[in-house]
Amino acid sequence: MNAAVRAVVRMGIYVNAKVYFIYEGYQGMVDGGDNIVEVSWESVSSILQVGGTVIGSARCKSFRTREGRLQAACNLVQRGITNLCVIGGDGSLTGANLFREEWSGLLEELAQKGKIDAEAVKKYAYLNIVGMVGSIDNDFCGTDMTIGTDSALHRIIEVVDAIMTTAQSHQRTFVLEVMGRHCGYLALVSALACGADWVFIPEYPPEEGWEDSMCVKLSENRARKKRLNIIIVAEGAIDCHNKPITSEKVKDLVVQRLGFDTRVTILGHVQRGGTPSAFDRILASRMGVEAVLALLEATPDTPACVVSLSGNQAVRLPLMECVQMTQEVQKAMDEGRFLEAVRLRGRSFENNLNTYKLLSHKKPDAELPKSNFNVAVLNVGAPAAGMNAAVRAAVRVGMTEGHKIFAVIDGFEGFARGKIKEISWGDVGGWTGQGGSILGTKRTLPAKYLEKIADQMRTNNINALMVIGGFEAYLGLLELSAAREKYDEFCVPMVMVPATVSNNVPGSDFSIGADTALNTITDTCDRIKQSASGTKRRVFIIETMGGYCGYLANMGALAAGADAAYIFEEQFDIRELQANVEHLTEKMKTSIQRGLVLRNENCNENYTTDFIYQLYSEEGKGVFDCRKNVLGHMQQGGAPSPFDRNFGTKISAKAMQWISKKLKETYRQGKVFANTDDSVCLLGMRRRNLVFQPVAELKSETDFVHRIPKEQWWLKLRPLMKILAKYKTSYDVSDSGQLEHVAMLPKEAETGAI
């Protein structure tokens, strides 16, 4: 929430508006006085990395009465406030809408009582409202992600990872209760991200007799030498008769029926706390800026709107449509229409549920179809967190579709050397939380091994290829498809899933691994800022990875609240460096006496990190001193973030389903033969959808020299970073959200949210 508060304040000041804090929510609005305070640029310094909200939040009974709202209106009019930005859940937003509808009546009543004059009634005749949804449950319809959800998932996954290490030593079953009284999003997504054995959510109660099914599944897993069982329970979980399923009930059942050593962990308010994730900071900053733009453009006829996220697009939706739909979900659940409830939650929720069901329950071999197809899976390029989750999903979905899955060790080089083995369902258990690449990965391209790889494909009768990797994987597929003329073995369906911390693969807005790297950068910057605030007057120059792609530097700067980010895509010269130094010199005269500058490793061959460090040190003499930090391979390691685990899982499952479809289409006279462009595809996230694109068609979109796409969506966020760091720049509003209707959001949208 603090990132949103900061963005609203700074964007408001940037467009020359007066901005006020209202402390303690609606209570502060009713009480007035010191609770409503005009704020400055510096008021929101150093709050980006703080959890909770610095302006406080409170439940307010008096605002629910007309008398309370009358007092609130009086307090606002006295300060000339007619634009409200409300960050909260559906209760807060519904209250705001009612306040807006009553506004003119409230003003007339105040005038009658002599509290305001007729002039004020005319001058402040309309109240504009824009909402942003801050709720860790992600229970608000119309947006993929609410502010706070990703951070809550980080807390849950940290706990699950910690529990996994203890339980690996003892044979234990853990029942984990997570928040979500009315919405199972946190439970479902964390179950998907950690490969839990069972999950209970309010929208999708288990069928009659679930007790038997669950115990059978747990004992089967034990029999497969799996030491740990994890069951995740949403606090609002129910059975199909609307009776609660509690974590204690689940524990007692496991102990009585199976005699397993079982522990209950209730996460409670841990999920609300802690440092916000990089995703949440960027999301909230974008929403905050969009909210100010929406208020500036609002007319008396514009309905109160809520700023939300669809894919990587900011959109505006009518507030009451969203609230209505959110209430519809609850109604459907109360009436036992659970399939309807899942559908109303939106496409993202439905996909998560379907993917979880697909990956968590292994059907008996007798029930699995037999396709007689062999599919090979390999990792290519540098390791990226989330690759293992993608391999796990590919293996399990492939087996569900009836294929034999072969794992290739060490990329194309291992392929040429025959490092290929069949891999089974149990082999990939527990892979989602592992960083790096368990299969091993190499940057080597296939061109010099074509004959050997063709031999291996023939020997192992490989009918399709799934490549998970970065730019080398993309180049590799181009080389293999070019070699089809010479080698029939490559005339098979091939698909690539983008996985690289650099996020530089053409055809996809996101790559697996980039979110984890971004969180590493953000965490490091937080620590550095903390050390700087102790010493004062210090500027840090930080070098990030990414090759020629500035994604990590730019988004890291936005998430960490940096003063500048130097990237290859936006050329800069000595004059700009000079302007940045002057900007920091001015900043040191204020109460914020620290600076943060990010530099992408290949942004300029002459203006190196050392050069920039020396330049800043010389020019800042007597005003500030400098330190530099090269983050290096730290950005490639670590446990994958919830976003990367889930994105990897979902995108990989979809890619394997595409392979199955292509295998059926291209199977003729006893063999697979695919030689068209659309049989070699990259599956990427484009705006709001997951799209399969032939790699041949992506060539025109690629800058091969610098290994980046020619156009990159995140460059539109450059001005945002500069505005929030107090630079004068022009902000392109052409891409800002137009008011849409909830029902009009693309039903097919596969979302960039997890």
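Using the three backbone atoms N, Cα and C, a Cβ is placed for every residue, glycine included.
What TrEMBL says about a protein is an automatic prediction, not a curated fact.
Feature annotations, courtesy of TrEMBL:
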BINDING   ARG59, CYS60, GLY89, ASP90, GLY91, SER92  ATP binding site
BINDING   ASP90  Mg(2+) binding site
BINDING   SER135, ILE136, ASP137, ARG172, MET179, GLY180, ARG181, GLU235, ARG263, HIS269, VAL270, GLN271, ARG272  substrate binding site
BINDING   ARG443, 500-504, ARG538, 545-547, GLU601, ARG627, 633-636, ARG707  beta-D-fructose 2,6-bisphosphate binding site
DOMAIN    1-294  domain 'Phosphofructokinase'
DOMAIN    374-659  domain 'Phosphofructokinase'
REGION    1-361  region 'N-terminal catalytic PFK domain 1'
REGION    374-754  region 'C-terminal regulatory PFK domain 2'
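For the binding-site residues shown (SER135, SER502), fewest C-beta neighbours within 10 angstroms: SER135.
For ASP137 (substrate binding site), the Cβ neighbour count at a 10 Å cut-off comes to 23, with all displayed protein chains included. For the pair formed by ARG443 (beta-D-fructose 2,6-bisphosphate binding site) and ASP137 (substrate binding site), distance between Cα atoms is given as 40 Å, rounded to the nearest Å. One residue stands out among the binding-site residues ARG59, ARG181, ARG443, ARG538, HIS633 for having the most other Cβ atoms within 10 Å of its Cβ: ARG538. If you draw a 10 Å sphere around the CB of GLY547 (beta-D-fructose 2,6-bisphosphate binding site), it holds 21 other CB atoms from the protein chains shown. Residue pairs drawn from SER135, ILE136, ASP137, ARG172, MET179, GLY180, ARG181, GLU235, ARG263, HIS269, VAL270, GLN271, ARG272, the listed substrate binders, are separated by up to 33 Å at the Cα level. GLY91 (ATP binding site) sits 40 Å from SER502 (beta-D-fructose 2,6-bisphosphate binding site), taking the CA atoms of both as reference points. Taking the mean position of the Cβ atoms of ARG59, CYS60, GLY89, ASP90, GLY91, SER92 as the ATP site, the remaining same-chain residues with a Cβ inside 8 Å of that point are GLY25, GLY88, LEU93, THR94, GLY95. When the record's ATP-binding residues ARG59, CYS60, GLY89, ASP90, GLY91, SER92 are compared pairwise by CA position, the greatest distance found is 14 Å. For the binding-site residues GLY89, GLY91, the ranking by surrounding Cβ atoms (within 10 Å, all protein chains) places GLY89 first.
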